[in-house]
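Chemist: This structure is in structure tokens; I'll ask about it shortly.
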Amino acid sequence: MNCTFHINSPISLICIAPHKCQCSRKLCVECQYDHDVDIKKHTIPIIQFHERLKKKLKELKLDEISEIIEERTAFKQMLSHTESMMKNIWEELSQSIIQLYDIIEKQNKSYLDIINQNINLNETSNTELEKLVQILEGQTLDVWNVEKNFYMNQLKKMKNLWGQEIKSLNEKIKEMNEIFQQQFKSSITTIKPIQEENEVIKEDLFEMLTQIQNIDESIYNNILEILRREKASDILEFLSKQSNLYELLINEQINTSDAIEIIKKITKVLSNIQDHQFNKDDYSSGTYYKARQDLIKRIAKNKGIIDFIKFLVLLTSIDEKFIQSGSNGLNLLLGMKIDLQNQSLENIRIKNTSLIGGHFVKCNLSGSEFDNVDISGLNLNGAQLFNCKWKNLKIHELNKLEGHSDIVWQVCISKQGNKIASGSSDNTIRLWDVKTGQQNAQLEGHDDAVISVCFSPDGNTLASGSNDMSIRLWDVITGEQKAKLDGHQSAVLFVFFSPDGNTLASGSRDNSIGLWDVKTRQQKVQLDGHTSYVYSVCFSPDGMTLASGSNDNSIRIWDVITQEQKIKLDSHTGYVYSVCFSPDGSTLASGSYDNSIRLWDVKSGQQRVQLDGHTSYIQSVCFSPDGNTLASGSSDNSIRLWDVKTGQQIAQLDYHSKDVNSVCFSPDGNTLASGSYDNSIRLWDFKSEQQQVQLDGHINDVNSVCFSPDGMTLASGSNDNSIRIWDVKTGQQKVQLDGHTNDINSVCFSPDGKTLASGSNDNSIRIWDIITRQQIAKLDGHCDYVRSVCFSPDGNTLVSGSYDKSIRVWDVITGQQKVQLNGHTNDVNSVCFSPNGDTLASGSNDNSIRLWDVITGQQIAKLDGHISYIQSVCFSPDGNTLASGSRDNSIRIWDVKTRQQKVQLDGHTNDVNSVCFSPDGDTLASGSNDNSIRLWDVITGEQIAKFDGHINYIKSICFSPDGNTLASCSRDSSIRLWIVKTGTEIQPLYCNYNEILKKWKPPIILNKLPNSVNPNNTILVISIDPFLLSNGALIFQGQFLTTWGEDLQRFFESRGSCIMDNLNCINYK
């Protein structure tokens, strides 16, 4: 093996110096001169190193294990005996308990039957009537009641005694753990106490799976093939027959003894799995979260186990007894980012699991059956979906309610649980159906932002408060405005109905609280006391008390009848944005600008607990209807759920891309609604046991993307201050580079792909080693944001452009600034080297493009034409052409030699932020604030394609080195990869459709591409927000039903799927 640092020199020495070796302890001859250690004292030739190791092992007698084996066996026998004894005790105890409860239930039932069966006393027999008399007048029931109480007390004593014994045993186990920890510290796994209910996995699944890790994938394929051919439906019965074994022998050409051993292993593991929790429970649920993550870590690189799990998935199409384990297996495969593209998954049956973010590109899923499956973020591009039967589907995108064009300030679910109201900065109120997520009505009338909305208890009236200083009452059924309540002298920030619906409370920026008579529409009273804005008001469940939170950092408790302030709570150190009473009225929750949530005892006014975890201020708090859970929404973009009794955080929901302004539980506690600064409303399935899957992705605007030279990796920089490196094939995050302290505006790979440069709003440039994932240099010099960085073609020079109006040229090896180029009179947004490295182009907010001689540092040309800021410049691969994108919405193509504009490309309707040539130079891509990407023919100047998909500004685009893929990133926090064929043709996924359809019975010929199929294929979306893709998917004679019964075919069609049933362009042969 040759040295990593001197690739022509073989490794000959091992470094044993007591230091962190910069050469990874592998030295070649050349390393000896660079390595700052005593060669004789601290290095050993490789051969001698190995010999000394063997000698050391022999001295310590580590290979003599007879004593260990003997002790291990003895200990194992003891544990086995204990386990057997405990099992017998448990079985006997269980039987006794069951018998006692059976006696009680049986006797109770006998008396009930006598009474219920003798309703017509005229027809009752004398014997039965005598029994009834004794029940009524005698002591029969009294005697039984005493006897029953005796039994119940005995059971209670038994339960307490057993609990004490378990507690005592756990204490003993704790003592043993302390002994182990004292002796071995962290080198040994401690013994776990006896598990309580809902704790998971009795038998180690990993150990079970290791038994089949050496079986070849072809064996599984052969078994499945024979099962299908023989139409067998019971795999264990199939494997038990000797005749099937012989066929396996012939096909695989293996000897009898090996085949028997293989079949035994497969049979044993399948038998164990059939009885295991893995085949009974939803392994994607929160209950199994830790166990699942641990299993993924242990099997992620074990091909043998992965092959078996794939076999389990396919087995669901044959043997229904393994549907749950196969479903859990598919969830594990997705968790490990196993490539499932182009797989045949026909007829698989999947239930009770999550497939969030799964990649099924060009998979054949025909005949598949899904039940109670979360398909959020699936990539079904080019998939075959014939005769599918999918039901009870969950999809997060349908739980995202979009319609508002500005900030959503508050959401409120009606007491009946069927409607959601939302108020927004777009001055409108919208009413939504909770079940379907469809908008039912839009209420208009306010002249400014609607900050607060609240349903009356009967659900017929909606109150709204606005920055226009008014409160309005709306008829929910007709959508008509019923009344306008004026009185506040500034914005109305919160409205809240009393429990009886007769009074409305309001909080305002005029520092007052108003109480209004809903029937007369008159203000009853004004409560003064706060010294700044009143952000939130809330009635207690009995309507006798009102709480308020204010900009003066205080919470105040008011007596509604006397209108007097009862208590003032002053612990918060920042504005109090939200207050909420618990359902029993004993506790008040508050959320504040100080990033904390506090729970207060309403009677005493004492703080009970402080809930910390949010990293920014809390905008909203809301109790669940049972009072056990508190939800909070924050400016850290997250929703958090808290256990009220313990004060512990139990969940975090992260899909909003901006501040969460409002949270609200449904009356049944099953749904949580949230409204956000990102203009959206989201509905969350609160009662679902499935663990929220955290997809890879940035949590803020993504400003820059760049392919590595080999096209296998993509780098991205974001306003979340991180750089992330992605696997282009799977979308899996390979690494996250942290170090910048502000937005990252630009990332660029070096030509050899070993180094990455980044420029940031922290005014610095950083150089990263891609292999070690370490920062290797920080270049300081700019005194304002660094907007763009670019490596020279030889990789020795880096150039940067900044808001300080300068361009700086850096020596990559030394990290020193070589020269500063001055000339621009405003911010420099973009810099780009020519392919030969002699010329540098720059674009600026002074509306000009400038060309610079890299060697002399002199400006050689100034290109004028754009009438607004230049956002991006890019040289063509031959260096003869320069493209520029501008805030004037245009792209311009320039002749580098003549310095003249060749053509202007118009089409975008907003700023053009990024331009990039394809590797062959024939196509130019552009990304814009109109949320679209466009492809242009460089020679004709014609637009040849338009890609839509991003829901916010496109910040950066980049072609892959082979020109087949285009990467884009956006202010919507996502990255997308688009499949393209450079030039005038877009490569479609439907090119092989007719070949697929010919195999259908009867064969189908697609005469033409239907309009519904969009060939501009997004092949990958990298985002924490699941986004389902089905571009070019073929759907025929199937159903895709949500949990509320809606068929998703129209939704799939909107994502570019072809619904064959709707076409008149197909022929049946």
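Glycine residues also receive a Cβ, built from the backbone N, Cα and C atoms like all the rest.
TrEMBL entries are annotated by machine, without manual review.
As the structure is a computational prediction, the values presented were derived from the model and not from experiment.
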Chemist: Under TrEMBL, the annotation coiled coil belongs to which of these stretches: 152-179, 432-459, 460-487, 516-543?
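Modeler: Checked against TrEMBL: coiled coil maps to 152-179.
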Chemist: Given a Cβ distance threshold of under 8 angstroms, which distant residues of the chain, six or more beyond its ends, lie next to the repeat 'WD' (947-988)?
Modeler: 657, 697-707, 709-711, 714, 716, 718, 726, 728, 731, 910-911, 913-920, 922-923, 925-929, 931-935, 937, 1009, 1013, 1015-1025, 1027, 1032
Chemist: Short question: which residues 6 or more past the ends of the repeat 'WD' (569-610) have a Cβ under 8 Å from it?
Modeler: 533, 535-542, 545, 547-551, 553-557, 616-623, 625-627, 630, 632, 634, 642, 644, 647
Chemist: Count the residues of the repeat 'WD' (485-526) that DSSP assigns to helix (H, G, I), to strand (E, B) and to coil, and report the three numbers in that order.
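Modeler: The breakdown for the repeat 'WD' (485-526) reads 0 helix, 23 strand, 19 coil.
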Chemist: If you average the pLDDT over the domain 'EML-like second beta-propeller' (408-565), what number do you get?
Modeler: 95
